[in-house]
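Undergrad: Can you keep this structure in mind? I'll have questions shortly.
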Amino acid sequence: MTSPYRDEREALLSDTDAPFNTSNIDSTEVNILNGHEDNPINAEYPLYGWFGRFRRSTTAVIIVTAIALFTDMIVYGIVVPILPLIVHERLGRDSKSIGFLFGCYAIGLLSSTPIFAVLSDKYHTRKIPMMFGMLSLAICSILFGIANSYWQLVVARIAQGAAGGASWTLSLAMLADRFGSGPKLGVVMGTVLSANTLGAIIGPLIGGLLYQYWGYVAPFFFCAILAFFGFLVISMIVEPSDLSTYQSVDENSIINDDIEDANQEFHTQSPSIWNLIFDWNIINICLAIIVVASILAGLEPILPIYLRKEFDADASLIGLIFIAIAIPTFLSPAVGYISFYIGQRKTCGIGMILMGIATPLISLPSKFWLVVLPLLFFGATYSIVTTPTLPLLGHYVTQKGGGAYGQIYALWNMAYSIGMFVGPVIAGLLFELFEFRNTLIIFGAAVLAITPLIFAGRLRDHADRIQI
């Protein structure tokens, strides 16, 4: 069948910030959220029942990736309000030790991500390494629960990060394999990030409640059970590379998809990871992600201590306050869709300016619940910055011939990992030297300083096209 997105893809290959021509697309043929063409799905999948067809649908891909990211984030978020209290009060360590422990997650993530990405691109499989990562996440959660020293917590935290490398990198790659480029990829990734947001919201809350009322072990065994459930869900999927014999759109899909084109992109000779690393358009996005991730991760070890000292907040209240950061990211699907039309780089740059303003505001409220307001603003800016970068990087891979989505999202993940490592460490040091407010002012200045690179990359894109 002919893809209704043909003009869109041609526009993508020529100009990331220019909207594509939709004048020749039948409104009954395309609906970004729920539309689908009527086609005889039973004839296309004669050997399978409804569950077999569902396992091969784009809906299943979205559900599985959403559950994988939700599980990874809830396991990550559960420890946010309790690790600082455990290290500071139970083990008698200072804020630098807390920052290093939070950063250890990034060490594991950074080390495992390129391995998962290269192998999954080479052998055209996302499912098996995702299953391995989720099972490893369950095991390291148990290690957290039985740890009784600081260095045992460090080992468990590194293992947790290594397991998370599979979920983040390969979930995004699986979506890009199936949905190609364009506004639909932005919407799908935004939708999946909403599930990630849900995990970020309830993770700290559950962690604080379980720790306060059921003790140290309860949050981590809850994580182990949840991760094992994620392992079972991932095992259900028939990944896109196994669908090459089917050349139609599945009526179970919630989003139209030209499966023939998606599989052609997946099987095209992919660019090397070095080709991606030395692309300036990709590198400046990754630099921005490092700074943004370091700010978010830097808040995690110092905000609980600040709230404890300033407002005498307990673990459950601290977990509750972190929800404010995550709530605005439910707007990610809308951000992903709108950014395609107004320019993904432009959207990202605007978000970074707003984040530079929002970060210092977190230190201003004089009452505990008023802290929610600047955290909501900060969470909105985080979504505006990060959401457009995901389909934008997928677009750059499409320009290079496709097939390296695992590696491009590995670079994104590695950049995020670097930020997650340096952010808590720097935050711990700055907090010791300059206190909370000045630490946030420095972070805000850092994100404003990196913003011109995003707009410079956009101007360079236009200059290259003018020369051509």
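Just so you know, glycine gets a Cβ as well, placed from its N, Cα and C.
Just so it is clear, the model here is predicted, and its values are computed rather than measured.
Annotation comment: TrEMBL describes 61-464 as domain 'Major facilitator superfamily (MFS) profile'. Annotated transmembrane segment per TrEMBL: 60-86, 98-119, 131-151, 157-175, 187-207, 213-238, 276-297, 317-340, 347-364, 370-393, 414-434, 440-459, in sequence order.
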Undergrad: With a Cβ cut-off under 8 Å, give me the same-chain residues at least six positions beyond the ends of the transmembrane segment (157-175) that come close to it.
TA: 61-62, 64-65, 68-69, 71-72, 75-76, 101-102, 104-113, 115-117, 120-121, 126, 129-130, 132-134, 136-137, 139-141, 143-144, 185, 188-189, 192, 239-240, 390, 405-406, 409-410, 412-413, 416-417
Undergrad: Taking only the residues in the domain 'Major facilitator superfamily (MFS) profile' (61-464), give me the average pLDDT of this model.
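TA: 81, rounded to a whole number.
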Undergrad: Per the 3+ Cβ pairs under 8 Å rule, pairs at least 6 apart in sequence, do the transmembrane segment (276-297) and the transmembrane segment (347-364) touch?
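TA: Yes, these stretches are in contact.
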Undergrad: State, in range form, which of 60-86, 187-207, 317-340, 370-393 has the highest count of Cβ pairs under 8 Å to the transmembrane segment (131-151).
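TA: Ranking 60-86, 187-207, 317-340, 370-393 by Cβ pairs under 8 Å to the transmembrane segment (131-151) puts 60-86 first.
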Undergrad: Determine which recorded stretch among 187-207, 213-238, 317-340, 370-393 has the most C-beta pairs below 8 angstroms with the transmembrane segment (60-86).
TA: 187-207
